[in-house]
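J.: Got a structure here, written out as structure tokens. Questions coming.
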Amino acid sequence: MGSKPWLHPAPQYKTLETFWDDEDDAPGPRCAHTLTAVAATKTHGPRLILFGGATAIEGGSSSVPGIRLAGVTNTVHSYDILTRKWTRLKPAGEPPSPRAAHAAAAVGTMVVFQGGIGPAGHSTDDLYVLDMTNDKFKWHRVVVQGDGPGPRYGHVMDLVSQRYLVTVTGNDGKRALSDAWALDTAQKPYVWQRLNPDGDRPSARMYASGSARSDGMFLLCGGRDTLGAPLGDAYGLLMHRNGQWEWTLAPGVAPSPRYQHAAVFVGARLHVSGGVLRGGRVIDAEASVAVLDTAAGVWLDRNGQVTSARGSKGQIDQDPSFELMRRCRHGAASVGIRIYVHGGLRGDVLLDDFLVAENSTFQSDISSPLLASDRTQQSSTPRFSYAARPPSGSEPSFSMSEGLSLDENSLEKLTEASAAEAEVASSVWRAAQLGAGTLDEEPSTSDASSPIVESTTDGTANEGDVRLHPRAVVVAKETVGSLGGMVRQLSLDQFQNESRRMVPMNNSDVPQPTKKFTRQKSPQGLHKKVIAALLRPRNWKPPGNRKFFLDSYEVGELCYAAEQIFMHEQTVLQLKAPIKVFGDLHGQFGDLMRLFDEYGFPSTAGDITYIDYLFLGDYVDRGQHSLETITLLLALKIEYPENVHLIRGNHEAADINALFGFRLECIERMGENDGIWAWTRFNQLFNYLPLAALIENKIICMHGGIGRSISTVEQIEKIERPITMDAGSLVLMDLLWSDPTENDSIEGLRPNARGPGLVTFGPDRVTEFCKRNKLQLIIRAHECVMDGFERFAQGQLITLFSATNYCGTANNAGAILVVGRGLVIVPKLIHPLPPPILSPENSPEHSGDDAWMQELNIQRPPTPTRGRPQPDFDRSSLAYI
């Protein structure tokens, strides 16, 4: 322990007092039930759902106690995390039969149940869903085609990659099983697929534990083999990008073999509790609590790292919680950094207590010395990588893109857009060039031919080299505020899917706004009103009637106050580390709140006193809360002018945001007259936004890229603001619209699929630009990337995208980059929220958000994933420049 202070021991459990109105609301003594965490909704905080189990046992001191099937139940109880109150639920619809030793998993605001055993024998393998949408509790029986896992009990199931229901092992009444099945919840009709995983397969077993880590690894732990012996091994099941699943044996030594135990993940730490040994003897006290730290690849107990299995005469100091946790067949779930345990069996005594442990040192999993580059190899062994490093010769597995991939239907929708996007991008470009009389302009020869200067130390406070942290920080795919502590670390080796990009789109020209406005003195505290109303990372909720809370006069005054600040800022900002960098938000205000909630927010109650914020543009369009997004960012700029920084994106232009949702949103939410007034005023403000930022003179941040025309930072600095796209500036067009080529093997300049006149630039251009300007890194936004961030040019350029599930179809993650004082850059990610599947009430036709996005996608669809073959009709436009 002394040499590895970042390895924190297993937590201590204690009894938690709970409340209920009637005795019927309390779950009472029971075992072999399930306890499942359900994320918070708009109207309710996080909950635990307790279902089924046995309320009576048979046998005595002379025999191994077993559940009495006549005492098995199908009652449902809900525990409110915030009020600590139990309530019995009586959902509508046909409930599943009474059962115990079944399996359960949360899917959004629903809980799925499968299998088990009851008074009538084995339960069927039907899937039952408890739907809690809008707090209207209802049972659904899910129709699944074809053969399934079959009736079984003592098995495990969880939702993997927020998409696949995976169930493994168990007992079919004749023997213990070793098979594995998966059901893709994103594809209808629903079909169980029997998996044929590669790798070291676990032996047949029952009464194991299984839990899915937030990045997509399903961990199987312990169990009882065919001879009745307890097992102490652990296996990870993961899916490669080609669809092939693989079992991998986990390293480390468990404190004890066990079965009929429970295990749940909190971040990267699997918390294991209770269990029994051969013959049904409850596990020894000192081994009753354990943690498998998957970030370090070691097992821990209350005293630290475990190097060998504990004997029954362990020398560990006794702790009251040891005896408390001696139990089996209990239920367990985690919410945030807390682990909850209910009931179970100890000897011949049914338990009804409710326990909690807090993984208070959990955040050290993210900031611990383990993350340092000289220790990255300690996290895995050659046979098993907790960072999901793939076997040699295969593609990396269960990366952020797993469960974030595009289905065929989504790809078809994206493909429809290439011609439309090319048309609008081309029209903007050609209109600007014709107006300036500079069509087919080439870069200045003086700039292009200036000598390349080798990078040298510039004497700034941060003299260390810029480097990307070896691990990214990823938060679970859950609703804001519900599982807010569910964070894990992901090795960057895993992000080899970084050439997959989606291209945002455009379509047709629109006149530049001409309406001018008179200015009045800005009301005192207007920006504070905005911050108070919107900066609510934990509990912000979309307005029910969609009416925006500011009127046009207030919008004008807010824009004026922010404009005065932007007018006095440089075109290229000079910034210092530490700083957080955000990519495209596109009106997805909920994602901004999630990022603030999980990784800190700009307030004196947050982290603004010691870290700055930089936003790279594209604040509006596409999402349905562009007004909230831009007004909050402007208010934060007014409140913290030296700490919050905004630069311009290509959607901060009237020609573009008239087409992709912002103008429509302003009219819809503010009325036609006030809406057009506000939309025009915002676009006047956008013309004053800075265009790039330098961090410590070593990192340049921009929205698009360097294109064909930008060779020096001075070219950007010379752009005079305010400026509109019809000014015909080739530098501005490249800065806001250009993209890197598809991958590092494609050098030089090539036409951009966005439209004629736009280009992509190769890694050679990036290297040349960095050398010439003594820079080490370019951070840019502009393109949707599946993992939220993507490296290019051997890591000299990073693309950053912060909005998740772009256009409602991309299913991408969102990310920010945290640039530390030592210029070490840590990517921090969020997944898209789980889709509301399996529920008629939550189908797309019932979702306002989906309807907004779908209608816009039909009119202005995004283009296909980067790297897909270009359609035959468009290949002629891809001549080399």
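Just so it is clear, glycine is given a Cβ too, placed from its N, Cα and C backbone atoms.
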J.: Annotation phosphoserine in Swiss-Prot: match it to one of Ser401, Ser491, Ser552, Ser876, please.
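T.: Checking Swiss-Prot against Ser401, Ser491, Ser552, Ser876, the phosphoserine entry points to Ser491.
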J.: Taking Asp551, Asp612, Asp618 as the options, which does Swiss-Prot list with Asp584, His586 at the Mn(2+) 1 site?
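T.: Same Mn(2+) 1 site in Swiss-Prot: Asp618.
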J.: Determine which of His568, His625, His703, His831 appears in Swiss-Prot for the same Mn(2+) 2 site as Asp618, Asn650, His782.
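T.: The record-listed residue among the candidates is His703.
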J.: Given the recorded positions Asn650, His651, His703, His782, state which is nearest to Asp584 (Mn(2+) 1 binding site) when distance is taken between Cα atoms.
T.: His782
J.: Would you count the other CB atoms within 10 A of the CB of His586 (Mn(2+) 1 binding site), including those on all shown protein chains?
T.: 28
J.: Among all the protein chains here, how many other CB atoms are within 10 A of the CB of His703 (Mn(2+) 2 binding site)?
T.: 26
J.: Count the other Cβ atoms sitting within 10 Å of the Cβ of His651 (active site, proton donor), across every protein chain shown.
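T.: Here the count is 29.
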J.: Under a three-state reduction of DSSP output, how is His782 (Mn(2+) 2 binding site) classified: helix, strand, or coil?
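T.: The three-state answer is coil.
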